[in-house]
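J.: Provided herewith is a single structure, encoded as structure tokens, for subsequent inquiry.
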Amino acid sequence: MTVVLIGPPAAGKTRIGKRLATRLGRPFIDTDHEIVAEHGPIAQIFADHGEPYFRRLEREAVVRALDQHAVVSLGGGAVLDPQTQADLAAASVILLTVDADAVAARIGTTKRPLVTDLASWQALVDSRAELYASLADYSTDTSTRPLDAIVEEIALWVEGNR
């Protein structure tokens, strides 16, 4: 079964996903990275074509990724698509949460088109929290614990729920 990591921007989906894939002996796919490799920087896609165009590219990347027996990191907004929501029923969905204090240092180092400051991040999290929770089979917080402990916790859950 495909393992899918969801959650807000800066929750650690890519960093944790890479390590989790290694731990589980599976490939790792980051849908945002797939989009960047094919179409260029996400911020530029938003600027040149708008969010609806980006969401179409994202949906295509999600369909390809979910077809693999892999650990998949979805972009924070990928779950907004109703078809993606339906598709996730066939996967093990892990929600990564993070608090505002922990994310403050993380968002300043990347170009995230929908998150320019902590207030916009919090608004995004608040608007998606219920949806994230409804899709998740398992949830864990990434705010302060060591990465390896988080990865091991998730791996044990996945292995126990095959």
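Any Cβ shown, glycine's included, is placed from N, Cα and C.
Nobody curates TrEMBL annotations by hand; they come from automatic prediction.
What TrEMBL lists as ATP binding site is Ala10, Ala11, Gly12, Lys13, Thr14, Arg15, Arg112, Arg145. Sequence annotations record features per position, and here TrEMBL assigns Mg(2+) binding site to Thr14. Feature annotation from TrEMBL assigns substrate binding site to Asp32, Arg55, Gly76, Arg128.
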J.: How far apart, in angstrom, are the most distant Cα atoms among the substrate-binding residues Asp32, Arg55, Gly76, Arg128?
T.: 18
J.: List only the single closest residue to Arg145 (ATP binding site), chosen from the binding-site residues Asp32, Arg55, Gly76, Arg128 by CA-CA distance.
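T.: The answer is Gly76.
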J.: What's the number of neighbouring CB atoms sitting within 10 A of the CB on Gly12 (ATP binding site)?
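T.: Result for Gly12 (ATP binding site): 22 other Cβ atoms within 10 Å.
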J.: If you draw a 10 Å sphere around the Cβ of Ala11 (ATP binding site), how many other Cβ atoms fall inside it, taking every protein chain shown into account?
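T.: So the Cβ neighbour count for Ala11 (ATP binding site) comes to 26.
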J.: Near the Cβ of Lys13 (ATP binding site), how many other Cβ atoms are there if near means within 10 Å?
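T.: Result for Lys13 (ATP binding site): 28 other Cβ atoms within 10 Å.
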J.: For Gly76 (substrate binding site), which of the listed binding-site residues (Gly12, Thr14, Arg15) have their CA atom within 10 A of its CA?
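T.: Those near Gly76 (substrate binding site) - Cα within 10 Å - do not exist; the answer is none.
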J.: Is Arg128 (substrate binding site) helix, strand or coil when read with DSSP?
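T.: Its secondary structure by DSSP: helix.
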J.: Indicate the candidate from Arg128, Arg145 with the smallest number of other Cβ atoms within 10 Å of its Cβ, considering only these binding-site residues.
T.: Arg145
J.: Just counting, how many other CB atoms are there within 10 A of the CB of Gly76 (substrate binding site)?
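T.: A 10 Å sphere around the Cβ of Gly76 (substrate binding site) contains 22 other Cβ atoms.
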J.: Give the helix, strand or coil assignment DSSP yields for Arg15 (ATP binding site).
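T.: Arg15 (ATP binding site) sits in a helix per DSSP.
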J.: Across all the protein chains here, work out how many other Cβ atoms are within 10 Å of the Cβ of Asp32 (substrate binding site).
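T.: I count 20 other Cβ atoms within 10 Å of it.
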J.: According to DSSP, folded down to helix, strand and coil, what is Arg55 (substrate binding site)?
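T.: The three-state answer is helix.
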J.: If I take the Cα of Arg128 (substrate binding site) as reference, which of the binding-site residues Ala11, Gly12, Lys13, Thr14, Arg15 has the closest Cα?
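T.: For Arg128 (substrate binding site), the spatially nearest of the binding-site residues is Ala11.
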J.: Distance between Asp32 (substrate binding site) and Thr14 (ATP binding site) at the Cα atoms, whole Å?
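T.: It is 9 Å, counting Cα to Cα.
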